[in-house]
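Feature list (source: TrEMBL):
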DOMAIN    16-137  domain 'EamA'
DOMAIN    191-329  domain 'EamA'
TRANSMEM  12-30  transmembrane segment
TRANSMEM  42-62  transmembrane segment
TRANSMEM  74-93  transmembrane segment
TRANSMEM  99-123  transmembrane segment
TRANSMEM  135-155  transmembrane segment
TRANSMEM  188-207  transmembrane segment
TRANSMEM  219-237  transmembrane segment
TRANSMEM  257-278  transmembrane segment
TRANSMEM  285-305  transmembrane segment
TRANSMEM  311-329  transmembrane segment
Amino acid sequence: MWSAGCMEQWMPTAAMVTTNVVIAIMTALIKQALNQGMNRLVLITFRQMVATVFLGPIAYFKERKMRPKFTTEIFMYMFLSGILGPVLLQYTLFVGLDYTTATFAATFSNMLPVVTFLISLAFRFEALEVRSMSGSAKISGTLISLGGAMMLTFYKGSALTHTTSSISPAASSSGHGQAGGQHGTVRWVLGSVSMLANVVGFALWLLLQRKFTKKYPAVYSATAFMSLFSFIQAGALTLSIQRSTIAAWALRGTVEIVTVVYCGVVASGMGYLLLTYCVEKRGPVFTAAFSPLSQIFVAGIDLFILHEPLYLGSVLGSVLVIVGLYLVLWGKKEEAASKTVALAKPVQAEIEQQDKV
């Protein structure tokens with residue numbers, strides 16, 4: 001039997017593996033729902049509605065004695081968090097999934113720590129010592145990851161596995177085949193740009209949350225309110241665009257219903273709680289280090305269940321992005337360790353001085 005200490009040590013690891021499985025299944029379900037023609041804004045609206053219903057009672061009972069006062073400033077933070085996070089970020093993710101593959105989208109998501117580091121550097125939230133090993137690692141990792149992103153965007157390469165919509169050689173030589181190929185390239189680039197916007201937006205949203213959580217530390221309530229605001233925002237936007245097509249609101253088939261319920265309850269609800277637990281126990285560096293796992297799980301689902309093709313450019317770009325990611329994370333870890341040692345030296349010197357006296 002495992003001891004309590006052993007369980008405590010391995011629980012964050014198990015939680016992060018579970019979280020990445022949740023993200024992989026969510027990505028595959030959304031890809032299937034979009035392929036069946038489900039409206040992106042309708043999916044966001046229903047997902048946030050389910051998340052609000054799920055998180056609302058938990059937040060009410062868990063934090064009713066510690067919930068801060070609801071002020072105009074808090075309202076603005078929640079409003080911005082809702083429209084930047086669940087609405088815009090999910091929409092750009094869905095466009096990226098629609099125009100590329102689930103594996104490609106998961107690969108691009110691995111750039112989040114690198115992009116967050118660059119934005120933090122620009123706003124001077126992050127320091128960079130160029131001559132140190134940690135600084136060199138962060139610079140090298142950033143450049144390698146950006147190179148991987150460029151390769152993912154502009155070099156698709158040949159299909160390494162079976163394809164579901166390959167163009168025959170005869171068709172390729174015809175004008176129609178060339179037009180189809182050009183159209184596919186344009187869609188791929190648009191999907192790449194959308195995923196890049198998703199990652200940059202996510203990084204900005206994380207920086208917004210950094211300030212928001214200090215002013216409103218009730219995490220469950222903040223998430224529930226953000227889900228409510230994003231539900232209202234996405235619903236209003238959908239109604240303004242789809243007001244004449246009531247059929248767009250109808251959930252057709254098992255895949256769409258399962259996608260809405262799973263994304264709302266499991267991904268937005270349980271997945272967020274697991275991430276919060278891991279950040280609290282082991283910190284953001286530990287949590288970010290597991291992000292490539294979701295790509296591996298998504299690739300497995302993509303290949304064996306969705307039967308999506310795997311391209312050479314995706315493989316090479318993925319390797320570069322992951323190598324760059326771990327260089328940045330290693331640099332951040334070494335930098336944190338150096339700061340800890342530097343802070344401990346004066347304390348140790350003071351103790352030694354007292355011992356001499």
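Cβ coordinates come from backbone N, Cα and C, glycine included.
As a summary of secondary structure, the domain 'EamA' (16-137) carries 95 helix, 0 strand, 27 coil according to DSSP. Long-range contacts of the transmembrane segment (188-207) within the same chain: residues 81, 84-85, 88-89, 92-93, 95-100, 104-105, 108-109, 111-112, 115-116, 118-120, 123, 125, 149, 152-154, 156, each at least 6 residues beyond the stretch ends and with a Cβ under 8 Å from a Cβ of the stretch. Non-local neighbours of the transmembrane segment (12-30) in the same chain are 43, 93-94, 97, 102, 105-106, 255, 258-259, 262-263, 266-267, 270-271, 274-275, 277-278, 281-282, 286-287, 290-291, 293-294, 297-298, 300-302, 305-306; each lies 6+ residues outside the stretch with a CB under 8 Å from one of its CB atoms. No contact links the transmembrane segment (219-237) to the transmembrane segment (99-123), because fewer than 3 Cβ pairs that are 6 or more residues apart lie under 8 A. Counting residues of the domain 'EamA' (191-329) by DSSP class, helix then strand then coil, yields 120 helix, 1 strand, 18 coil. Note on the transmembrane segment (42-62): residues 30, 33-34, 86-87, 90-91, 94, 218, 220-221, 223-224, 227-228, 230-231, 234-235, 238, 242, 248-249, 251, 256, 259-261, 263-265, 267-269 of its chain, located 6 or more positions outside it, place their CB under 8 angstroms from a CB of the stretch. Regional average pLDDT for the domain 'EamA' (191-329) in the model is 81.
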